[in-house]
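Inspection log for the structure reproduced underneath, given as structure tokens.
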Amino acid sequence: MEIVYVYTKKRSEFGRQCNFSDRPAELHVDIIPDATQAENFIERNPVDNGLQHVQEMSEHEVNTERFETSTRGVNHTEGGWPKDVNSQEVEQVTRYRKKVEKDEMYINTIQQLSTVMEHCIKQNNAIDIYEEYFDDIEIDTVDEVPSAKTINVFRDPNEIKRTATSLSWFPDGPRKLAVAYCNMEFQGSSPDTSMESYIWDVENPNKPEMTLKPVSPLVCLEYNPKDSHVLLGGCYNGQIAYWDTRKGSQPVEMSPIEHSHRDPAYKALWIQSKTGTECFSTSSDGQVLWWDTRKMGEPTEKLYLDPTKKQDATKAQGAMALEYEPTMPTKFMVGCETGTIMSCNRKAKTPAEKIVALYHGHLGPVYSLQRNPFFPKNFLSVGDWKARIWSEDIRESSIMWTRQYSSYLSDGSWSPIRPSVFFVTKMDGTLDVWDIIFKQSDPTLSLQVCDEPLHSLKVQEAGRLIACGSRSGTTTLLELSEGLCTLQRNEKNLVTAMFERETRREKILDARHREMKLKERSKSSADKDKDEEDKEADLGEDDLYDKAEKEFYDIIEKEKKNLEKKQADQIDTDKADTGKQSPIAEEGEEEKTTDNEEKSDTKK
């Protein structure tokens, strides 16, 4: 039921002040009771209502603006000396000190302060507050669930975000992290995109500690393990540069563009050397170039990644990953765009011998390649939707591999502390931790780091901290639980036995596969011979006669051609030596006459 009452007012009274006054009540609507509604009425008796005598409260969350801090240092110089005393002159300072020490006020002050200081020293000596009471008691180790927690997040300070393409830890402890930023989409970055990369202080995510300013965005960045002030970088335009943090943000020296890579330098690593200045780099242009930072004018050595081992630049395969183990200074490995892994030897006698072995296994580019720190013969490769563990002895197949992921893999790394643990980043923003002793079919820990693709991964030398770089330039610093970064009892022996067992199994399968191929080949050749025999048996008498006649004429034609060739050679020798008569020619003439006589007999 809709009740409407209209109030009327003259137009001339619009805008005037309202005057309210009392008046008796007026009946506007009278609703008569409906008897049918009484039938649906249900009396509620008794009535129970619950009341809570507690003050109602609401919870609100507010994010305040980030508070940026900066550290500044001040150098204090010695002061407080009288004007007539030069603090640089030792004699004047000594003379003034002797004068002060003889003053009665100075002696009284020292005596008063000495009693207080002596009292504090006696208190400290009474009880050793750092004493350990339960050193000899063994702590029961509890098998905790593998976990990881986020410690810090470092964001790209620029408005136009770029991908964190490479990470490198400071060699002398987990205090700094170098991050290379680059937009890897071809012609996808605007002209206003920054080309800077940064070095972050792990404890200060608000502001980078130092800025690196290359001429082209950095694709990779690597600290020098021998000199923590020096960094090596590979640029998007193919140039190689190095920085000394003591000399500022600009690169100390860069390779000339005509002697550099023609594509982005995806990986650059330092080499074990006496000087600590040698390095090498690779790119998708199919080259591996060696450099010396003391002379960056041109590469010291060059290798084309040609799988045919002929050093043909047109057949070279582009590279995405590079692996170098300092304990094996002449060997290195390259992961190619085609999914092939090349094992190379720098000190080979000939260029063809520099590419030692090829490993085929991935369906797409190999994004990461690393040898196991404890077992250098076994290495990890990451590409397409799987991570694979290989043995140098077996080239046909990997010895272990992860399950097929639904999202693409982008990077991977072994744990420097535990030989059975490795880490994998994925394009769905997940970090997977695998422990092959504990579980082979599924990761031990799967952690959703962010909601965007992860592109880079770097484990700190102590094995406790992991840095992950994402597409928008956000670098997340994670701390692993104690179990994932502590060497377990008898772990090395278990991993050794596992790798040897899987290698042996692959060798047996490979031998069996070869045997089956050989049988198949011999069977197919036997079937082919049998088919030819059956075909001859099916031929009739006329067919056999035609076949024999054809073979006879083919032989005659072949002999005639050989004879004509001999005659032509003899004529050439006769021209050279006209005084001599060739007996071969005479024989040829006799043969011709006999042939003519035979032809005349057949005509008759």
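We count from 1, first residue shown onward.
Each residue, glycine too, has its Cβ placed from N, Cα and C.
On a predicted model such as this, the values are computed, not experimentally measured, just so you know.
Residues or ranges marked as compositional bias 'Basic and acidic residues' by TrEMBL: 510-529 (among others). The residues of the compositional bias 'Basic and acidic residues' (510-529), classed with DSSP into helix (H, G, I), strand (E, B) and coil, number 20 helix, 0 strand, 0 coil.
Residues annotated as compositional bias 'Acidic residues' in TrEMBL: 530-543.
Residues or ranges marked as compositional bias 'Basic and acidic residues' in TrEMBL: 563-578 (among others).
Feature annotation from TrEMBL assigns compositional bias 'Basic and acidic residues' to 591-604 (among others).
Residues or ranges marked as region 'Disordered' in TrEMBL: 62-84 (among others). Note on the region 'Disordered' (62-84): DSSP counts are 0 helix, 0 strand, 23 coil.
Summarising the annotation, TrEMBL assigns region 'Disordered' to 510-543 (among others).
Residues annotated as region 'Disordered' in TrEMBL: 563-604 (among others).
Sequence-distant contacts of the region 'Disordered' (62-84) (same chain, six or more residues past either end, CB-CB distance under 8 Å): 93, 96, 204, 206-207.
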